Amino acid sequence: MVNFGKKLMADQIPEWKGYYINYKLMKKKVKQYGQQLQQGEKDRRRVLKDFSKMLDDQIEKIVLFLLEQQGMLASRIEKLGKQRAILQEQPDISGIAELREAYREVGIDLIKLLKFVDLNATGIRKILKKFDKRFGYRFTDYYVTSRSNHPYSQLQQVFKHVGVGAVVGALSRNLAELQERQGSYLSIYDQPSSALKDPIIDMINSSVDKLTRSTNFLRFLGQHAMIADEESPSTAGEEEIEDQKYHFMSLMLNLVNTFLYMVNTYIIVPTADDYSVSLGAASTVCGVVIGSMAVAQIFSSVYFSAWSNKSYFKPLVFSSIVLFLGNVCYAMAYDMKSLTVLIIGRLLCGMGSARAVNRRYISDCVPARIRMQASAGFVSASALGMACGPALAGLLQWKFKIYMVTFNQSTLPGWVMAVAWLLYLVWLWVSFKEPNRATEVDEASQNPASGQTVDIGRLENGLAQPLLTDSVDKQNEDEDEEVDDSEEAADDSRKPATSIGSAYRLLTPSVKVQLLIYFMLKYAMEILLSESSVVTNHYFSWNTSAVAIFLAILGLTVLPVNALVGTYISNMFEDRQLLMVSQITLLVGIIFSFKVTSTYSVVQYVVSALVTFVSAEVLEGKQNSIFFKNYVSPWH
């Protein structure tokens, strides 16, 4: 294990020593606050205020020095620019070479400054986690939320890197202008950005990308999808390995699989009650028909997760075949006049759920620089499928026979999805590329290369991690030591769950509460969706098209709600506040849906359904976000 205090001292640039976070002092303060609370010398609010002020002062010291160094780099670039202008008027080969070397020296100093930012950000993250662990309080959430968008906060300077971006741009432009263009009259802005080959600039751009990759909305969507935002590769070699594993068409096939599965789930909802009645069952049996797919998905997620450890292609092929057969059974149940075949068809559809494979592929095989975009695509594909399913059912209102096979509004959803999965299977077979799993082993053993002039690998070390991550420390540590995150957890705690028994042993009381809330919100959402056709037909005499439009509109609310919560609301309130409010509004929506008077209006039903659905979406997003931040490591 690595003591972060010692690592901080070892990696410091000596002449900048006084501008790093005083990590040792802050550790002592945290310990002192704990003793003062136990002895009653200070109350909790006073401790929080004092600690916040001390951390604000440390961050201000760091940021002011960062701005000063950025100004010095900008001044050096300005002076070099004047020399470049002179050389353009009076070209001199040796002068151009010296000027290019001077620009590279500025680049090396910029990389050192990025390392300075990263070391301090790591110290901030660790001391916040240490404070949380000592006092059992999610102070990190409060501190980051309250400072991230405040106009007077220095913390946002650590995230935005506006000055660094300007320096990088100036270096890139000037170095590119020094390249010999041999008669070309094009400006740098007329050339593709990939034309610049200087390794120093490539290294700087890579470092900046790692520090500024995620936006609030994309990160929220990734957490909503339960796709881990794993540590980025710390070297160019490891990024190359990730690129070798990545295949755009395979990613698209996973997203299409997600979309089709969600369409398959909700396309039968508007007509399931009529289908049940046509087979001699009560209309309320549609709840069993719709819910059987979700029940089967519980089991499919287990074996698909295990299967994805060995292959991605084979589980997707198996999923497509099972879903094809399930939809054929669902459609054939009408002519066979068998409710059993109908339910078996839906169970097969649930057994073909490959959403665990889709998530795993994005997490493992998509390069870190676009992983959050892919995660957002996963959620968007799910939301679009949820909306398109009922809408498509509203269009399938034909009735005809081909030989002895009946095609009507009840059976057409099954036939349409069977054809869709058959076409998808062909596309999958032709276009999917299985990732080379040998690169995963190579990636673990790859070492960064360092140059003779400057140890670039050492300068970049640590920049892969986000500035403020939310992973949980599993290892008991000494009160006066802070262990490096990459080695904090004991080996046993890093091992994934390999059985139901080992998975259950990972369930702490807080995890059980989270899972109970998740079960209840899914239960409420499934009741709302599965019984919508029965309720609306009984009280309002809605036809299939009206139910389909209503459910499609509900599905279309998913992305706007996620955008609002991920971009704005999450920055204004703590997770616990959002959880409490969304649970209360969910309860209000459910209660409001009851018929408590002699009349039951369309307005009452629509408003209650909208409140219930939106609240459940927000609650699910925050539940997944919290579970992702705190518990995902041993499960993944």
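Cβ atoms here come from the backbone N, Cα and C positions, even for glycine.
Per TrEMBL, the features are as follows:
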| type | residues | note |
| --- | --- | --- |
| DOMAIN | 2-145 | domain 'SPX' |
| TRANSMEM | 251-269 | transmembrane segment |
| TRANSMEM | 281-304 | transmembrane segment |
| TRANSMEM | 316-333 | transmembrane segment |
| TRANSMEM | 339-357 | transmembrane segment |
| TRANSMEM | 378-400 | transmembrane segment |
| TRANSMEM | 412-430 | transmembrane segment |
| REGION | 470-496 | region 'Disordered' |
| COMPBIAS | 476-490 | compositional bias 'Acidic residues' |
| TRANSMEM | 545-566 | transmembrane segment |
| TRANSMEM | 578-596 | transmembrane segment |
At a C-beta cut-off of under 8 Å, are there same-chain residues at least 6 beyond the transmembrane segment (378-400) that contact it? List them, or none.
221, 224-225, 227, 254-256, 258-271, 358-359, 362, 406-409, 412-413, 416, 544-545, 547-556, 558-559, 562
Out of 251-269, 281-304, 316-333, 578-596, what stretch is closest in contact terms to the transmembrane segment (545-566), meaning most Cβ pairs under 8 angstroms?
251-269
Between the transmembrane segment (412-430) and the stretches 251-269, 281-304, 339-357, 578-596, work out which stretch tops the count of Cβ pairs under 8 Å.
251-269
Rounded mean pLDDT for the residues that make up the domain 'SPX' (2-145):
83
Contact set, same chain, for the transmembrane segment (339-357): CB under 8 Å, 6 or more residues outside the stretch:
254, 257-258, 261, 264-265, 268, 275-276, 279-281, 285, 288-290, 292-297, 299-301, 304-305, 307-308, 312, 315-316, 318-323, 325-333, 414
